[in-house]
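Features reported for this protein in TrEMBL:
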DOMAIN    30-71  domain 'DUF1648'
TRANSMEM  21-41  transmembrane segment
TRANSMEM  61-82  transmembrane segment
TRANSMEM  103-126  transmembrane segment
TRANSMEM  138-160  transmembrane segment
Amino acid sequence: MNKNQPKILPPKSSLQQLMNSLALVGLIGFVIFFLLKWPGLPDPVPRHFNGAGEPDAYGSKYIMMILPLLAIGMYLFFNFISKRPHTFNYPVPITEENAERQYTLALNMMSALCAGIILAFFYISWRTVAVVNQEASGLGWWFMPVFLLVTFLPIGIYLAKANKKS
């Protein structure tokens, strides 16, 4: 961390507002879904899926508590650090002139990652319940490529824009 980085908090971009709303709605929906479905789940449940999205390991239904708890923790953590963009590491030196742009780009990336990962966790839990209820056979072959895209696309876009002269 460069302690000389300007300590400003730029206004939220429309993308941040959209992604933050999506993350919050997704998180609330996830918690409600989990609270409604968890009591009726049998023991064991799928606890791991292979690369093709098929369950390949089973465990106690208590393992399913991990994803909603991680989602809540991640949402709180992302909101905490989003108020401190001056503490982030950046691929370019931060100056008074570029601080607002660089901070906004980084916060856009963080909000997109948060929303994408929360929705992915929700999907994994939803499909796990569907597998248990014999309504699905797994996550789907496409889950891993889409999850990787949701994770790495915001990072790639951020790096491309952050390194671009404006």
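Backbone N, Cα and C define each Cβ position, glycine as well.
For the domain 'DUF1648' (30-71), DSSP puts the residue distribution at 22 helix, 10 strand, 10 coil. Among residues of the same chain six or more beyond the transmembrane segment (21-41), those with a C-beta under 8 A of the stretch's C-beta atoms are 61, 64-65, 67-68, 71-72, 75, 78, 111, 114-115, 118-119, 121-122, 125-126, 129, 132. Long-range neighbours of the transmembrane segment (61-82) within the same chain, counting only residues 6 or more positions beyond its ends whose Cβ lies under 8 Å from a Cβ of the stretch, are 23-24, 27, 30-31, 34, 38, 41-45, 47, 88, 107, 110-111, 113-114, 117-118, 121-122, 124-125, 128.
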